[in-house]
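Copied from TrEMBL, the annotated features are:
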type     : residues : note
COMPBIAS : 75-88    : compositional bias 'Pro residues'
COMPBIAS : 89-107   : compositional bias 'Basic and acidic residues'
COMPBIAS : 143-153  : compositional bias 'Polar residues'
DOMAIN   : 163-251  : domain 'TonB C-terminal'
REGION   : 59-107   : region 'Disordered'
REGION   : 125-156  : region 'Disordered'
Amino acid sequence: MKKRHSRIGLIGSLTLHGTLFATVFGIIHTQKPLPTTEEVSSISMEMLAARLEQEQVAVAAEEPVEEEVKKPEPVIEPEPIPEPVPEPPKPKEKPKEKPKPKEKPPVKAIEKGAEAKQGVVAKATPSAVQGAKNQEGIVTGSPKGSGTVNSGSASGGEINAYKAQLQRTLQQRANNAYPQREKMMRKTGTVTLSFQLSSSGQVINVQVINSSGNSNLDAAAMKAAQSTKMHSPPPAGFPTSLTVPVKFSVQ
């Protein structure tokens, strides 16, 4: 049995090796000889040209049809509006200076004669008029005011001095009574007052015979006169009626 198996194995081995050998031999004899270098290069060029043609055809086929792109219409920009040229500033006019009000000249002494008949001097009280009629020799007052005096009394120097003092006192009181509003607004004016002087030196019966044009200044002048009282009684023969200007001015 052992010999039989060894023979079968040997036959199988030989058959297998023979088959392999025959196969190798057949392949060697049937294989074509390798192409030469020129043939290889010519084949390679033909293949390359064929590939290029195919690629060109493929690219041409694949190239999409370009759509016509409409050009955007040009945007018309609006013309710039020219800026208005500013007008050159007008030269400022210098404020015109207001003319200063002319100062009224002081009221001159009014003589008793014909002017008294025209009503320039304020009316005296009945008693004073009666006393003036009973006495003779009426003379004029000082230049700063008019009045009625009795002759044969105090000298003219004493009467004029007392009258000047009276006018200074009255003007000082008027300055103190200057309305604050008019003073701030620099309102000025002259008020002519007519009044009487009592035997004790008190100013009474005050009247405005020539207005300043400002009611506040007129009222201030009357108030100043009504509150005026001399420190001493008037001298003998001093005028019973007086006309005195009161001036309001801003210094």
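Each residue, glycine too, has its Cβ placed from N, Cα and C.
Here the structure is a predicted model, which means the values were calculated and not measured.
Within the domain 'TonB C-terminal' (163-251), the DSSP-based counts of helix, strand and coil residues read 31 helix, 27 strand, 31 coil.
Confidence across the domain 'TonB C-terminal' (163-251), taken as the mean pLDDT and rounded to a whole number, stands at 92.
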